[in-house]
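Notes follow once the structure below has been shown.
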Amino acid sequence: MGGHEGFSNQRLSSATWFSHFRASALRSKSLPPPSSQTAVRSTSGDSLVRRLGLFDLILLGVGASIGAGVFVVTGTVARDAGPGVTISFLLAGASCVLNALCYAELSSRFPAVVGGAYMYSYSAFNEITAFLVFVQLMLDYHIGAASISRSLASYAVALLELFPALKGSIPLWMGSGKELLGGLLSLNILAPILLALLTLVLCQGVRESSAVNSVMTATKVVIVLVVICAGAFEIDVANWSPFAPNGFKAVLTGATVVFFSYVGFDAVANSAEESKNPQRDLPIGIMGSLLVCISLYIGVCLVLTGMVPFSLLSEDAPLAEAFSSKGMKFVSILISIGAVAGLTTTLLVGLYVQSRLYLGLGRDGLLPSIFSRIHPTLHTPLHSQIWCGIVAGVLAGIFNVHSLSHILSVGTLTGYSVVAACVVALRLNDKKDRESSNRWTSSWQEGVICLVIIACSGFGAGVFYRFSASVIFILLSVGVAVVASAVLHYRQAYALPLGSGFSCPGVPIVPSVCIFFNIFLFAQLHYEAWIRFVVVSVLATAVYALYGQYHADPSMLDYQRAPETESDA
């Protein structure tokens, strides 16, 4: 930390603590012209290497998005929405496409540095917003990784028990977990072992981990295609009538549930520093992986609801039991293999993204510099990667993290909403920078206020919908959001991004719709998730006040691009 000592020792010499906190919290990264080619280096002098092609990026996004849920969630939602679950996935997919358009623009604008939503919000807004986004995302990632590893352990045990010699002989602490101290603790050995193996793979290098992800993702995609093709011959179109037996509200509610089945395409944005041609490939990878996922989910929905009447679908393993009822038990075995492959890739990519986020904050000084170190020969953020594996391993090994699932998704929705807001804010900054050097212009402030109003309207509409309030209140909330969006559209001028990268169409309307729907979904989460958002935000602010503001590296405020060509160093 020696490089920051001089800065830290003088932190209170020129201003009060509050003024220093305010100045630090509100500073942001600058975005130089696209011609800047300054390389990003770690504290050890080494950098990541560019080894991911377009196909690797698409498989990365698909690997992160499609887990075991494709075999379970489809049937669970179909029990309420009926065959209309297809529309639920279509609506949720359309919403994710809008979010993906925002990610695609920003990944094209920041094509050479890791950080994703954290980096975008640091440049569009300020330092403390970026830190809060990171903390909310990271809590989701850590708990999610632990939960997925436990699910993977359970599926792996179930797959092993298909062999008669092993059936019933595998102890609980290897699979679902053995409860101790009245359920306060839940011992699981296999989950940390699986996490250790995947962490080891990720530490070996991006080429090796990408190869593992590609093989496992291809396996599960092939299995899903086999399921769709085999099931297509068993479809009875009479099962699709009535298409929405419980009305459109059940279909819409289903869309709010299945939305999270698409989460993962944003992982592509965090591979910016390891992509061979980031400005071209990142937007295509984000959109391409999402479209693949939408197609697969809709295909599974049509097959599942066509094979079995929705009212007879099983809650635990709907797809497997649907094929078993048709005498195709071999497909059920394939589904188990596909579930293991799906959970493996979801976990692998999740751990990968976590380490790159830690790397970004370590470089900026918001976390200890050890997180910014890159191994000189493996070219991976070794310390960050091992730390992510340890945190997930401890959580998965001794806690029943499944009980925390109801407070997840807060970070994801927060990240998506902030990214959409970043598109608008950066476009405003572009216009402002060309006309004035004053960052805090009234035009920029008015734009941010409109974004906040849209977010509040989305939350209000979500709460009214959740508690079945009069439709008038929902319409009023929508009306307020429409007015705020209209103000953004007619009173603001937006400059296209500098350079020849991808530009999100329909700005500011598309980002506004994203923010409204994301916060609408936020309102559907368990009330404890709302409490978690507030508590974590307060704690994160305290950590920033005590550590971040003093250790953030001012020299990193100038955005620096990594080399734009592949390196095999």
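Using the three backbone atoms N, Cα and C, a Cβ is placed for every residue, glycine included.
Positions annotated as transit peptide by Swiss-Prot: 1-41. Per Swiss-Prot, transmembrane segment is recorded for 81-101, 113-135, 155-175, 181-201, 215-235, 250-270, 284-304, 333-353, 406-428, 467-487, 502-522, 528-548 (among others).
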For the transmembrane segment (406-428), I need the partner stretch with the highest count of C-beta pairs below 8 angstroms, choosing only from 81-101, 155-175, 250-270, 467-487, 528-548. 528-548
The transmembrane segment (250-270): which same-chain residues, six or more beyond its ends, come within Cβ distance under 8 Å? 57, 60-61, 63-66, 69-70, 73-74, 76-77, 80-82, 84-85, 87-89, 91-93, 95-96, 100, 103, 106-107, 114-117, 244, 282, 285-286, 289-290, 293-294, 297, 346, 349-350, 352-353, 356-357, 409, 412, 415-416, 419, 520-521, 524
Six or more residues beyond either end and a Cβ under 8 Å away: which residues meet both conditions relative to the transmembrane segment (467-487)? 446, 450-451, 453-454, 457-458, 460-461, 508-509, 512-513, 516
Short question: most Cβ pairs under 8 Å with the transmembrane segment (284-304), which of 81-101, 155-175, 215-235, 502-522, 528-548? 81-101
Using a cut-off of under 8 Å between C-beta atoms, tell me which stretch among 81-101, 155-175, 215-235, 502-522, 528-548 contacts the transmembrane segment (333-353) the most. 215-235
Outside the transmembrane segment (528-548), six or more residues from its ends: residues with CB under 8 Å to it: 21, 24-25, 127-128, 131-132, 135-136, 139, 365-366, 406-410, 414, 522
Excluding the flanking five residues on each side, which residues at least 6 beyond the ends of the transmembrane segment (215-235) place their CB within less than 8 Å of a CB in that stretch? 59, 62-63, 66, 70, 292, 296, 299-300, 302-304, 306-307, 319, 322-323, 326, 328, 331, 334-335, 337-338, 341-342, 344-345, 348
